[in-house]
């Protein structure tokens, strides 16, 4: 065979090989353009300094428990088994060092503050039962503990203020169901009661004055696999569980279908005598559609999928995140939920602490349970009940999912797997853009990508989606969406004055959501002032035509120099531009600042005439700015729920007219929405339209919009070819994003810590 023949045969063979390689690269392999990108170009660098804010590790939790068992000098029962008359560890969490200690370490090369834990202990087995808080340390091998209760709260914590444990709830359920045996006729007639088909729902607070521990429990049909909150049976019982001896608990009142009775015996007697107007409630069938979240349509083709063609553009190490110009530390308070620290942009600290404080829901109804309910969710555990996120629904499928550990009502740490997610998203609207069709012809635009940190807490019936969002222009958005099931009352009489009928016997009860955040802004340092900018119209003569007048807008400027001037009632007018400023100036001589912009449509706050209003007095204000104090770390307390009449922490006391010029300041922001349930809340509430929050936006902080330095911007002129990669990187997407992501398998472990039926 001569050389010419060999070449003729070789050329087609080579062409075939090249074609096969191309097919393999596009279908079975990963082109070089799809390899994970290097993050070395990012401005920030990870450091273990962020660990000063880190949540406790499981090993640290175990060490704290062991230390307390060996050094408190009293027997400790595992809280999951403890009776009210016994001693137990309620929870442990990290004790964040003082701000002065932390900044000395982070900024001035000082020593790392000793790592410590906070431990809350119930002392039920002693002559003076109380709740005591200890700081235990240093970790990981603690050697000391100190009682900080009096220093924090000004006195001891009375035992009746303690949050109810799961063990106490279970004991109450057993007591209530035993009491139901005293009214077999009514319960069989109204509800086909068989000792298994009821579910209880707690209310709070628990009485009318300090020391009370009497709770209305609302009874629902125990629906399997669906929201029992929509199936009230018309029965509610008031349980007095104030005694530490469960044998002394009593039902002190019964409510059924609009009437009140002394106890279950009286209700049964009245029923036998035909004096009770009972309502036959249809038993919910297993295939019942009302209230069920089971899909009623077959799956279609998958929807749009968000993914990063070359892997995440953010980086996580321990509890520290870097995204483009942003960096921050994150954690999860077992009571109050997600919290962020040391938020920096371009290496400059913007926020020292950004943390959720409380989620309040004030209900209305003509039934006692709905009538008295003012849920303060921090006492139930916003962080504890942040369960596993469902990949591809709760967060994008390819988001980064993180586990959170906690120790509550147990001597053994537990884990909520994948209960935080972090992802970058395309918000599908440009951050900024302009198309020029006058004079020169050009287009410039920037995609509004944002980094999101998210957790979702399920507090009994409601699910709250907590978002912290970071934008390329130096802005931070804090947002909360509400979903889950509405709470309901049994419909009778004038019930629709308090909500809407959403089922045959179901009243969707109106309620007001209020959520409070702490924002410790450090704009250009810790010394800030609060400045308000707004507008007014001045009537002036036109300089060129004095016989005519012009209503000319003018910028108004005011420094709010005391705390009393820096509080804005919930529905009052607030300056359109209110911002923290520093004495440092930008290039153009303006004080550098960050603006607070609130988005909320809350209902009315509880009237101050209410005996419990001081316990939630943070809700009086959409914004309150106070001088930062270590002894005012939170706007509320987990102990306020069960004794709101003598609040352990009353936010109103923070406001005492101190000067706030050139001081370390904290903004306390409240957002919320009034929810009048309607039929579209069945099966449960959607997030659409149920999102509120606030923005922290740069206001003369930079010399120009810092997003000009984003690598995602595009620009091309009329004399350029925008389809060329060297002109417009978006034109390269067909090549650089030509591969599909290697999706991880779907897993879910969210039921692993839950007790069986």
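From the backbone N, Cα and C atoms, a Cβ is placed for every residue, glycine too.
Marked as domain 'Copper amine oxidase N3-terminal' by TrEMBL: 162-258. Per TrEMBL, domain 'Copper amine oxidase catalytic' is recorded for 306-707. Look at TrEMBL and you will find 377 tagged as active site, proton acceptor. Positions annotated as active site, schiff-base intermediate with substrate by TrEMBL: 462. If you look up TrEMBL, you'll see 462 marked as 2',4',5'-topaquinone.
Distance from the CA of residue 462 (active site, schiff-base intermediate with substrate) to the CA of the residue listed as 'active site, proton acceptor' is 10 Å. Mean pLDDT of the predicted structure over the domain 'Copper amine oxidase N3-terminal' (162-258): 96.
When Cβ atoms from all protein chains are considered, those within 10 Å of residue 377 (active site, proton acceptor) total 25, not counting its own.
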